[in-house]
């Protein structure tokens, strides 16, 4: 029999006793009274705060959204199968948050930041970013002055978007809203390749899982997933997950913005978020307002979209920004931006409904897409007459501003005369000239899906259209002319395109563009 060594026994006992703490850990615990439809009423959490994360004994988490006299209303962030009446719930004493780091780029995550793409855990250092956060104050912002190139001719020319802007994309279903936003993400590859990436976040709210998978595949095939994160709350996910998905996307965007980098976020779409929020609010027995939406649905969207901003260039001031997360304070840099492209779906073109008017009033402009244009083959189907960018004009590059200055007015005039021309064929030469030029410009502004144009190519072809250099080219041959024209400039006059990209429109550049257009259009003369 082995001998017991008293010294060894006492050493083990001392080691165990040294780690003993007499302090008791106190958790504030409540009890589930009722549960159903993704909502639990909990008794006993007297000190719970609004928006706090609570944990059920099954491990499921929820967010406190209703504080009543004797109970709290908790929305569940997952299926309620394992939660029963009298289950225990404990406070976590922290606000709902998401862990963000460089490793989240190129991944598909859910509302809580958990990866759902089957590629394993998110690697590298992460920082805790709250889902709900106050927008930067006035002194931490600066005006929008840098362009965010979308690669879409009609947007970059007539409804320009700047870094830090909120530009609404609005239209009926199946008019190409998502395509406009995905093309904008694809166009940022040019900057990623140049070592100046614009980090993109695509938030899919209430969409089919197959649609999200198709978008992820498109981004991957085009090499755009290398700088993009997808946040997905699918149609099958609980309503609270759909409500908070845009906030999770905004938190990821703020990580890049606050570390001094440009980011772009697409909310696809906020109509579905509003519907999910209405569902949650009605289940919490909040009084319904217009169209049965709760009274604070405007605040839901305004507090989300106000988080998009161009942060001041001064690092010292940026470090003092209000509501900075503790985890990020040492990493803060000035000069970052978060640009938002929220999408709203209208019913039969009714832009005066409740949610569309709310979001129009919050954003810095809107891009209207119409079914009529889409069905007539004008794609992207942007109605330039009612689309506007309130702050993007200051961000447009100088060469584009000079070239496209009158384009919007010309096209509006063309649409008016085109409608008038339907009533009679006896038109004066001036009117015929405007209609002829307008038709060719419409062809120039057409663009294929997932085919963004570099800004210098846009300026070159729009210059030819706005100066009426295509008058000898038949309308059906305009796209063919465009291909030849841009290919010729790219091979023979690359320096001209580079000058345009730098924002300069010199006499020499104008001569080259004019001469090239005249030479190429001559072969189309009858």
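The chain as shown is numbered from 1 upward.
From the backbone N, Cα and C atoms, a Cβ is placed for every residue, glycine too.
Taken from Swiss-Prot, the feature ATP binding site applies to 171, 172, 173, 174, 175, 176, 177, 178. Listed in sequence order, 177, 345, 346, 368, 369, 370, 371, 381 are the same-chain residues six or more apart from residue 171 (ATP binding site) with CB atoms under 8 A from its CB.
Within the same chain, residues at least six positions away from residue 387 (site 'Required for activity') with a Cβ under 8 Å of its Cβ are 158, 159, 365, 366, 367, 368. In the three-state DSSP scheme, residue 387 (site 'Required for activity') falls into the coil class. The site 'Required for activity' annotation in Swiss-Prot covers 387 and is backed by sequence analysis.
For residue 172 (ATP binding site), the same-chain residues that are 6 or more apart in sequence and have a Cβ closer than 8 Å to its Cβ are 345, 346, 347, 348, 349, 369, 370, 371.
When the neighbouring Cβ atoms lying within 10 Å are counted for each of the binding-site residues (173, 177), the highest count belongs to 177. DSSP assigns residue 177 (ATP binding site) to a helical segment in the three-state reduction. Using a 10 Å Cβ-Cβ cutoff, residue 174 (ATP binding site) registers 12 neighbours. Applying an 8 A CB threshold to same-chain residues 6+ apart, the list for residue 176 (ATP binding site) reads 369, 374, 379, 380, 381, 449. The C-beta environment of residue 178 (ATP binding site), restricted to residues of the same chain at least 6 apart in sequence and closer than 8 Å, consists of 215, 268, 343. Residue 172 (ATP binding site) falls outside any helix or strand according to DSSP and counts as coil.
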